Amino acid sequence: MTTICACALTSKMWLYVGKALGRLNRRHCGLISKGCLRQLHNNELTDSCYDGMYPGHIHTTPIQKALLAVGSGVAALQNPYRHDMVAVLGETTGHLALMNLRDRMRNDPEGYTVLTERPRIRLSTLDLNRMASLPDGSFGREYLRFLEDNHVTPDSRADVKFVDHEELAYVMQRYREVHDLLHTLLGMPTNMLGEVAVKWFEAAQTGLPMCALGAVLGPLRLSSSRLQSLFTSLGPWALQNGRRSRCILSIFYERRWEQNLEDLRQELNIEPPPPVILGETNKRTVKEE
């Protein structure tokens, strides 16, 4: 009973904080114009919100970024499937981690090529027919199978808006677009346990505060049996591989579709997943934002 009351009190507290931040933002900050707010909600790019740094960029001050970070963090806590709020949280808190990731990419020959050529992973850039013709076990075929089995589309990843550096904005965009590729590399499903495991890997690999927050709070939504699996097997495996593997953003995945998945894992120094969640089929559809 005490636990239930505490949870209810915490929920009410976050709701109050969110409402207070909303009033403060409306009355005093003037964060962005009404037109830009409509653009953010509808995910549409307009000339009025494009300041020339990159298409869709919205300039914000440090105070505005802090307000966005708190507000989006509260919204993401209330609903982890609010991908738009998770995206804003990542953009407004990840500057130092993005700089570190960018430097790691620059110091890797393949990563430097990715930074130079700026590939995008979208349905418009993928040759799905060619990927479907690849043999079972190839990276491209297994990635396509992941998309089909889980009803996922790479086009669900929102465009970056609040990163005030053009190159770092691409690093964040690349991180988002390789997320489903990482599910394939790690052999993780899209159920809550699989998503938490990927977040633990990403937290150790990228240092992004958003990933660390997801790694800490995600387990709160797991059942006791899955918590045991996470803490005794899956979690340590994800953290260890995240720390020691090659930078996941430094791979030109678009040129690796034909490569055997197991060979690619060995090249990246990623061990096969433990058998604890193999065969789970709790899937969810990722809505386009």
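Glycine too: its Cβ is placed from the backbone N, Cα and C atoms.
Remember, TrEMBL labels are computer predictions, not curated facts.
TrEMBL lists His179, Asp180, His183, Glu195 with the feature Zn(2+) binding site. Around Glu195 (Zn(2+) binding site), the same-chain residues six or more apart in sequence whose CB sits under 8 Å from its CB are Met188, Gly214, Gly218, listed in sequence order.
The sparsest Cβ neighbourhood within 10 Å, among the listed binding-site residues (His179, His183), is found at His179. Listed in sequence order, the residues Val152, Leu181, Leu182, Met188, Thr190, Gly194, Val198 complete the 8 Å Cβ shell around the Zn(2+) site centroid, once His179, Asp180, His183, Glu195 themselves are left out.
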